[in-house]
Amino acid sequence: MTTVELHTTHGRVGGGRQQRRGARRWRQRFKRWPAHLLVTLLLVVVCYPMVWLLLGSFKTQREFLENSVVALPEQWNFDNYVEAWTTGNFSQYFLNSVTAVGPALLVMLLLGTAAGFALEVLVWKGRNAVLLIFLVGIMVPIQMILLPLFTVYFQTGLTGTLWPLIITYTATGLPLTVFLMATFYRAVPREVFEASTIDGAGIVRSFFSIGLPMMRNALFTVGLVQFFFFWNDLLIALTFTNSGSLRTIQVGLLNFSGQYGTTQYGPLFAAISLNIFGMLVIYLVLNQKVQKGLTAGSVKG
Amino acid sequence: MEHVLGDKRSVAILVGPALLVYTLVMLVPIIWSLGYTAFEGNAVTGFSFVGMDNLTQLAGDRKVREALGFTLRYAAVITVGQVLLGYGLALLYVFVLRRYSSVVRTLVFFPIVLPTVAVALLFQQMFAIAPRDGLVNSFLNVFGIESVDWFGSGGTSFLVIAIMDIWRSMGFYGVLLYAGLVDIPEEVLESARVDGTRGWKLVRHIVLPLSLPVLVSAIIFSINGTLKVFDSILALTGGGPGTATTPLTIHMFQTSFAYGQYGYGSSIAFLLTLLCLIVTVFIFRASRRDLTKG
């Protein structure tokens, strides 16, 4: 009896309150229409170029010349993509990018994490100095190292391979990786590592068995951010590998635009789409980690 | 306890490889590049010593002065644009959209992860005039405005570059500054509201001073990035028309690789490095002084 009464009372009062709250919310929403208009405008400005690009990538040359702001393609065909991927050589460029970026990422993460661990967890003289030396690498523009490296790569005959890219990416990625990993290790209590070393594991072994696996999450975030830097790089790739069979996907795209730019729009749009929507998919799947990693990289660097 | 985690051999094994790679591929080349400034020639033809010639030539070079001017103008405009719009977005996320901002944040952020080359080519097509109008000119035509040759003059080219780079990065700065705004304690804002501080006054007197540290780091990051701009301009305008949109980086690249002048190229790279360091130190010190003043 009491429970029922309580229940009904509660329901009635709750309902009335909800109605009033609903009305207030509607009034608030109405008052905030300038903000909503602003947000809508913002999203249109950000997203419309993508929509235009995607629609364009399915159009035929004739449709391009009868251009229009919003028109959908007459037919959704993938000819442009096939053209870009095969005739435009993007399969080769893609493979080159993977071959250069993959090994560089793995080596950089391993070396950078070990160094970050040694700099933050281990106790030794001169670690501040070493940390400072790595900081120099974040500050100095890449332009400063291009010419000496080109000389070395040229004289050792490496310019005919992808090695210059693998080596340069690994090294240029190290400073930021070391810094970020050191920051992540700062959050781990030293006792964890002290305990494992006392058990007789040795510091190096305890790094590989505990220190490295513990950073799985951080490794993924940092690796993802560096992946964007390496994959999207033009300067280093353009300097060291500007011959046809070694081009990375960005250098390939730049050259493709030079060849096709004003004559064949469809394949060009398809090539740009491949570059943009590939990244977009990765971003949408992992956006929390990307946002966290990229902003951490900028504030701490 | 310290000796347990202080074994020198382990330190060497863990930090050694990274330090070695970093030293060989970055530190040594930096010094080496400084050395190049005293030489003429390149990797193919060989080098000859010229002493201070490159640096004195640098001081009087009209092309370098133009490139430096463009770099500074670009850095100033883009930094102001990025950080101001980013701050506006951050305020929008925190005070207007609140908990519902996550989708907007995600969407406005994404252009920063896209390859600059692809974005530049997309904008090239959007602002195209010949042989066919791009999106922007078609849009202008709808309103009865004649097509504009955006890449025909330095001024409009600069405008397109600015629009593109701010479009690319404002969402990133929005998220960066949003993180700073979220850290402001709710009680501080609440007590200010109780005192009757609202709207613009709340932002000016409470929010802005409290978010100054993250704002300064955003400005430093932005200037550092914009002084080094290369990919987006090279792909969008190629530095043209003429050399109207050529920053130091592209000028350095052309001097070194198109003309094979390594010594002079290194001198330009050195100028760029100095510029980055000076600007960073200057802003950092200026902001520290302001912060202590309150």
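Here the Cβ of each residue, glycine as well, is placed from N, Cα and C on the backbone.
Predicted, not measured: the structure shown is a model, and the values here were computed from it.
Marked as region 'Disordered' by TrEMBL: A:1-20.
Look at TrEMBL and you will find A:33-55 (among others) tagged as transmembrane segment. Residues of the same chain lying 6 or more positions beyond the ends of the transmembrane segment (A:33-55) and with a Cβ under 8 Å from any Cβ of it are 69, 71-73, 269, 272-273, 276-277, 280.
Among the features that TrEMBL reports, domain 'ABC transmembrane type-1' is placed at A:94-286.
According to TrEMBL, the transmembrane segment annotation covers A:100-123 (among others).
Per TrEMBL, transmembrane segment is recorded for A:130-154 (among others). Panel annotation: around the transmembrane segment (A:130-154), residues 115, 119, 163-164, 168, 172, 174-176, 178-179, 182, 235-236, 239-240, 301 of the same chain, lying at least six beyond its termini, place a Cβ under 8 Å from a Cβ of the stretch.
When Cβ-Cβ distances below 8 Å are used as the criterion, the transmembrane segment (A:166-185) is approached by residues 100-101, 103-105, 107-109, 111-113, 115-117, 119-121, 131, 134-138, 142, 145, 149, 211, 215, 218, 222, 226, 229-230, 233, 236, 240, 296-297, 300-301 of the same chain, each at least six residues removed from its ends. What TrEMBL records for A:166-185 (among others) is transmembrane segment.
Per TrEMBL, transmembrane segment is recorded for A:218-240 (among others).
Summarising the annotation, TrEMBL assigns transmembrane segment to A:265-286 (among others).
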